[in-house]
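This report concerns only the one structure given below.
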Amino acid sequence: MVKLDRAARGLFLAELVRGLSLTFSYMFRPRATINYPYERSPMSPRFRGEHALRRYPNGEERCIACKLCEAVCPALAITIEAEPREDGSRRTTRYDIDMTKCIYCGLCQEACPVDAIVEGPNLEFAAETREELFYNKEKLLANGDRWEALIAANIAADAPYR
């Protein structure tokens, strides 16, 4: 009886028919994928993309040169140099991030006491040369200026969980 059952299954190719029916059932369902460059999926406010340095509304940069982000970076991708100003506060003279080393862990953003360094919503920052991935202070401030509205909205949305 067992041999007859096995022969009947082999003759009628039950597994093949079951697999084909599953394939055909998926063929008529709505697509689960999106057409990326033309359609965008929603992004979480916690998305960690391209780095940016933020400014206060009066235009002054937020970074107070505490160097916590440099100390906490596991990839050693951040380099900061600072000088005291006339009023006694410190400000950065050099703020570099080597994006080839960065692992996008977000520890720099968590360590910053004034929300100066953030990982913004930009995920499309490909470069043609390696040198373009070495971000200096001017590039980071320009990123912050470009994405400030969205960065502020993301930080506000994430505020209850911080």
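Using the three backbone atoms N, Cα and C, a Cβ is placed for every residue, glycine included.
Small disclaimer: the values here were computed from a predicted structure and weren't measured.
The secondary structure of CYS66 ([4Fe-4S] cluster 1 binding site), as reduced to three states from DSSP, is coil rather than helix or strand. As annotated by Swiss-Prot, [4Fe-4S] cluster 1 binding site applies to CYS63, CYS66, CYS69, CYS112.
In this structure, CYS73 ([4Fe-4S] cluster 2 binding site) belongs to neither helix nor strand by DSSP; it is coil. Applying an 8 A CB threshold to same-chain residues 6+ apart, the list for CYS73 ([4Fe-4S] cluster 2 binding site) reads LEU107, CYS108. Here Swiss-Prot flags CYS73, CYS102, CYS105, CYS108 as [4Fe-4S] cluster 2 binding site.
Taken from Swiss-Prot, the feature domain '4Fe-4S ferredoxin-type 1' applies to 53-83. Along the domain '4Fe-4S ferredoxin-type 1' (53-83), the predicted structure has mean pLDDT 96.
Residues or ranges marked as domain '4Fe-4S ferredoxin-type 2' by Swiss-Prot: 93-122. Across the domain '4Fe-4S ferredoxin-type 2' (93-122), DSSP helix (H, G, I), strand (E, B) and coil residues number 5 helix, 9 strand, 16 coil.
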* To do: With a Cβ cut-off under 8 Å, give me the same-chain residues at least six positions beyond the ends of the domain '4Fe-4S ferredoxin-type 2' (93-122) that come close to it.
  => 43, 47-54, 61-64, 66, 68-69, 71-83, 130, 133-137, 140, 143-144, 147, 150-151, 154-155
* To do: Tell me the Cβ neighbour count for CYS108 ([4Fe-4S] cluster 2 binding site), meaning other Cβ atoms within 10 Å of its Cβ, over all protein chains shown.
  => 24
* Asked: When the Cα-Cα distance from CYS105 ([4Fe-4S] cluster 2 binding site) is computed for each of the binding-site residues CYS63, CYS66, CYS69, CYS112, which gives the smallest value?
  -> CYS69
* Taking the mean position of the Cβ atoms of CYS63, CYS66, CYS69, CYS112 as the [4Fe-4S] cluster 1 site, which residues outside that list, in the same chain, have a Cβ no more than 8 Å away, listed in sequence order? -> ILE64, ALA65, LYS67, LEU68, GLU70, ILE80, CYS108, ALA111, PRO113, VAL114, ALA116, ILE117
* Structure fact -> The rounded CA-CA distance in Å from CYS63 ([4Fe-4S] cluster 1 binding site) to CYS102 ([4Fe-4S] cluster 2 binding site) is 19
